[in-house]
Amino acid sequence: METKYLLGFRGLLAIQAFLWVFLQTFVPAAVYAADNESSGDKQAASLVRKTLSVLFWNEYFLYGALVFLSGRSLAIPFLQQPGRERIARSLITRGIQLWFPVAVSLAIVTVAFSVTSTEYLAVFKARSANPVLEVPYLLPNTFAYFNAVFDLFWQTHKLQTQAANRAFPSATLWLLNAVYLQSFTVYIAMVIVPYTRARWRVHGAILFVITAWWCDSWAWYTISGLSLCDMVINMDWKAHAARGIPVAYNNNNNNNNNNKTSFRIPVYIPCSLLLVAGLLMQYLWAAYRPDLFEREYKYHTNMYYTSGLNDEYTTHHIPARDDVYLVLLGVFGFIESYTVIQRVLENAVLLFLGKRSLSYFLITAPMLYIAGIPLFSHLHFSQHVSFSGSCIATLLVSLLLVAVAGELFYRLVERPTKLLAHAFYDFITA
């Protein structure tokens with residue numbers, strides 16, 4: 001079964017991730033986040049934040065989409081051909097494929113900041129009045145660096161406060177930790193799939209999603225992605241979507257003994273409703289009530305901090321949001337139902353970016369912090385180039401740097417790591 005369109009969707013996320021990191025660094029007032037309001041001294045940037053940022057560089061959509069997409073993609077080989085070799089290979093190779101690229105990326109950052117120091121970042125943060133830019137923590141020695149990388153794939157909570165995440169520019173390395181941890185949710189759940197009834201799996205997944213939502217866990221995104229994967233591979237999702245959703249009702253005017261009549265709702269109607277509902281919520285938080293942005297985090301329990309509602313939600317929560325979840329259900333409902341959308345996602349550019357998405361994720365923020373910020377500071381603060389001119393020049397240079405560095409990272413680190421991981425599996429199972 002062809003799933004290239006999922007790779008193309010990853011390519012879209014890579015573009016959005018670059019836009020978000022760049023704007024979060026240089027134009028934070030244009031980024032969808034409640035605490036960026038204070039940095040918005042430019043009316044145009046604030047207007048962009050309230051309109052375009054929700055759709056094109058929304059960090060919470062990126063977080064949720066990556067976790068959801070991992071659940072949707074990880075089980076494909078096993079569900080297509082269930083067998084112990086499939087799950088064993090995935091279990092052993094996945095950690096290696098993530099650990100080595102992360103280790104190399106964090107090594108680049110650590111060496112660069114050890115040579116230049118991070119003082120220029122603190123100066124940039126102060127002079128640009130950017131309240132959301134975090135100056136990376138400088139790992140003091142090689143032993144601390146090794147522990148930081150090692151702990152990244154062991155820690156199960158407080159992901160955003162661990163050393164590796166704080167040492168990484170933009171502080172987004174925790175997301176790989178979350179995706180890796182949720183891999184085991186997929187592994188445990190997908191083993192059950194071939195040996196249970198489809199109806200039971202759907203009902204069980206709904207109950208699991210509700211419970212995971214209540215416990216403030218990323219698992220409700222993960223299991224939703226896995227359930228969608230199951231429906232596409234084992235339940236003929238696209239054929240059912242083409243026929244529509246059956247709705248039965250009692251027809252008292254029917255002369256037959258069976259008074260039940262049914263009709264079908266086109267699948268684009270519920271998908272559109274989910275998409276509009278999620279986007280409407282996000283626009284309300286961005287433009288009308290930003291003070292309510294984090295309030296939804298309160299209505300969960302938190303197994304590590306409280307036995308009741310999460311009263312410490314402002315400091316202790318995971319960014320798994322209800323509005324993003326609705327948007328993802330709507331988006332993937334459209335993607336999985338319509339061939340034309342899949343063909344759009346399968347274009348060569350998106351597939352190219354999708355294959356290298358991990359490399360771009362690990363190299364974008366370091367390049368912006370190591371080269372982009374000094375360039376912007378030189379142009380705007382030293383040469384007194386206009387703010388917009390400095391941003392455009394930095395954007396063009398950053399695009400070139402990220403494209404070249406990302407390709408090098410992909411060819412020299414990511415791709416050899418994949419080969420090494422599978423060679424290691426073949427060796428230990430020979």
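Backbone N, Cα and C atoms are what each Cβ position is placed from, and that goes for glycine too.
Positions annotated as transmembrane segment by TrEMBL: 60-79, 91-115, 135-154, 174-196, 202-221, 267-288, 324-345, 357-381, 387-410.
Listed as Cβ neighbours of the transmembrane segment (135-154) (distance under 8 Å, sequence separation of 6 or more from its ends, same chain) are residues 95, 98-99, 102-103, 106-107, 109-110, 113-114, 117-118, 121-122, 125, 162-169, 171, 173, 176-177, 180, 369. Listed by sequence, the residues of this chain that lie at least six past the ends of the transmembrane segment (357-381) yet keep a Cβ under 8 A from its Cβ atoms are 10-11, 13-14, 17-18, 21-22, 25-26, 98, 101-102, 104-105, 108-109, 112, 116, 120-121, 123-124, 127, 136, 168-170, 172, 176, 387, 389-391, 393-394, 397-398, 401-402, 405-407, 409-410, 413-414. Scored by C-beta pairs under 8 angstroms, the transmembrane segment (91-115) has its highest count with 174-196, from the stretches 174-196, 202-221, 324-345.
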